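For 41-289, the entry in TrEMBL reads domain 'G-protein coupled receptors family 1 profile'. The transmembrane segment annotation in TrEMBL covers 26-48, 60-81, 101-120, 140-158, 197-221, 242-260, 272-291.
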Amino acid sequence: MDRDNQTTVTEFLLLGLSGQSKQEEILFGLFLWMYLVTIIGNILIILAIGCDSHLHTPMYFFLANLSCIDICFSSVTTPKMLLNHILGSKSISYVECMTQIYFFITFINMDGFLLSVMAYDRYVAICCPLHYSMIMKPKLCILLVVVSWVITNLHALLHTLLMVRLTFCFNNTVHHFFCDPYAVLKLSCSDTFINELMVSIAGGLMSITPFTCITVSYAYIFSNVLKFPSLQGIRKALSTCGSHLTVVSLFYGAILGVYMRPSSSYSVQDTVATVIFTVVTPLINPFIYSLRNRDMKGALRKLIIRRPVLSRL
């Protein structure tokens, strides 16, 4: 394209989930409800774990971190979409878009890394129960989370800087409800070879590494569980992994549905899958981890029925 015909955009237009006003009203109410439930549910999980000393264990430490990430992940995309609907606008500034891309990449990868850490924790608990307390020390738990944060932030920074160097011309319409990195990349009128190469290499490693860790951990868990002498022992061991496996399946299933298949343009199926891992998964995680967990249900019950100190004065 001729340089005289190039105009660097200062904002992008987000098409959203629907072009019909009636559907948008329904979707606004639905997404507002889901976002509020996500925030409240995950905050309750964090408070319950923090207030109950019996839950100050590695498994619940990682669960509290996952709840924190779910709050942040959901807050990257949903509030802007809701605000645009209230204002009757579809625009997002260039700076806001790049910021959204950075945090989206950070939290989606952090989710995967933390799920792999939780899988490793379950592996140690089931396969090495006698050495669990010696292996999963507080320092190691903190180190695993901190290293995950550092790696995911550096990865997000790399892709964001590569995106910033691109030029965006007349086409500034993003066929999505947020600044999805892949959707924005397709709008550039610059050479995107380096970006696509880094997406394939770095992005591939960031996805495959935690997924491989989860797969290997559960392979060892299942092979070990099958050696248990009683069915009760097998059920008890598997029950501790059921919630985590459900979350992993939902999260990676949606991601594979969007990013791991060839597609020239975004389809309705892609949008639905994206909504699942950006909005639905953070919403249902607190329910998945609490409904089948007696300790969590007990801690939440104590937290909810506890009267504020000021009310006694």
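Heads up, the Cβ atoms here are built off N, Cα and C, so glycines get one too.
A contact between the transmembrane segment (197-221) and the transmembrane segment (26-48) is absent, since fewer than 3 of their C-beta pairs, 6 or more residues apart, lie under 8 Å. Most Cβ pairs under 8 Å with the transmembrane segment (60-81) belong to 101-120, among the candidate stretches 101-120, 140-158, 242-260. This prediction places the mean pLDDT of the domain 'G-protein coupled receptors family 1 profile' (41-289) at 90.
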